[in-house]
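Trainee: Here it is, the structure, as structure tokens.
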């Protein structure tokens, strides 16, 4: 009996550990849950209230306009149009999001992470230099030049980027494994936090002169 109890306890603990370690949006127990800003709704899933399924229409599962090029007139020369649950309520509980990424010639989608999603990107036009860095202690830089029709995947939570190395505009579409993948742009978060991180901390972490840190914090 003791051995049976120990075995059952071990199985239960492993199952619990497996559920806690799950690194993606939880599985839905219903067909869909179209998000609504209505506190009178009886169902609350993944931080959103659910629309009554009987009241849903095709428009709840439709998003237009991703064929329209976005402006890349900014400092980095890129524009990410993220279609997540906040913009597309029908994504709620479905565990997926989509992004259109426009790049000017030599435009950069700067190093960033998605804390809640793996990203798989397809190049529609142009040539991109892409890459990501593995976690400590190896910090391996894995990079490749990708062209029209190529697909590259960026694992969840790892720093990655895309850089248009061509002299013409580039376009890519990305799918992300969360309805709310989140994004942390490394330079902005580090040097543009609110309130600012103590310059002494950043100077020591990056082995920079404190005056350089102060300049970067003002820039971001």
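Any Cβ shown, glycine's included, is placed from N, Cα and C.
In case it helps, TrEMBL gives these features for our protein:
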{"type": "SIGNAL", "residues": "1-23", "note": "signal peptide"}
{"type": "DISULFID", "residues": "33-50", "note": "disulfide bond"}
{"type": "DOMAIN", "residues": "64-214", "note": "domain 'Cupin type-1'"}
{"type": "BINDING", "residues": "109, 114, 119", "note": "oxalate binding site"}
{"type": "BINDING", "residues": "112, 114, 119, 160", "note": "Mn(2+) binding site"}
Trainee: Per residue, counting other C-beta atoms within 10 angstroms of the C-beta, which of the disulfide-bonded residues 33, 50 reaches the highest number?
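Mentor: Most Cβ neighbours within 10 Å: 33.
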Trainee: Let me check the 10 A CB neighbour count of residue 114 (oxalate binding site). How many other CB atoms are there?
Mentor: 24
Trainee: 10 Å Cβ neighbour count around residue 160 (Mn(2+) binding site)?
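Mentor: Around residue 160 (Mn(2+) binding site), other Cβ atoms within 10 Å: 22.
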Trainee: Counting other Cβ atoms within 10 Å, pick out the least crowded of the binding-site residues 109, 112, 119.
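Mentor: Taking 109, 112, 119 as the binding-site residues, the minimal 10 Å Cβ count falls on 112.
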Trainee: Excluding 109, 114, 119 themselves, which residues in that chain have a Cβ inside 8 Å of the centre of the Cβ atoms defining the oxalate site?
Mentor: 80, 99, 112, 113, 117, 121, 154, 160, 174, 176, 181, 183
Trainee: Average the pLDDT scores across the domain 'Cupin type-1' (64-214) and report the rounded value.
Mentor: 96
Trainee: I'd like to confirm something. Which of the binding-site residues, 109, 114, 160, has a Cα closest to the Cα of residue 33 (disulfide bond)?
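Mentor: Out of the listed candidates, the nearest Cα belongs to 114.
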Trainee: Using C-alpha atoms, which one of the binding-site residues 109, 112, 119, 160 comes nearest to residue 50 (disulfide bond)?
Mentor: 119
Trainee: Write out, in the order they occur in the sequence, the residues of the chain not among 112, 114, 119, 160 that have a C-beta within 8 Å of the mean position of the C-beta atoms of the recorded Mn(2+) site.
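Mentor: Neighbours found: 113, 117, 132, 154, 158, 159, 181, 183.
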Trainee: Could you round the CA separation between residue 112 (Mn(2+) binding site) and residue 119 (oxalate binding site) to a whole angstrom and send it over?
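Mentor: So the alpha carbons of residue 112 (Mn(2+) binding site) and residue 119 (oxalate binding site) sit roughly 12 Å from each other.
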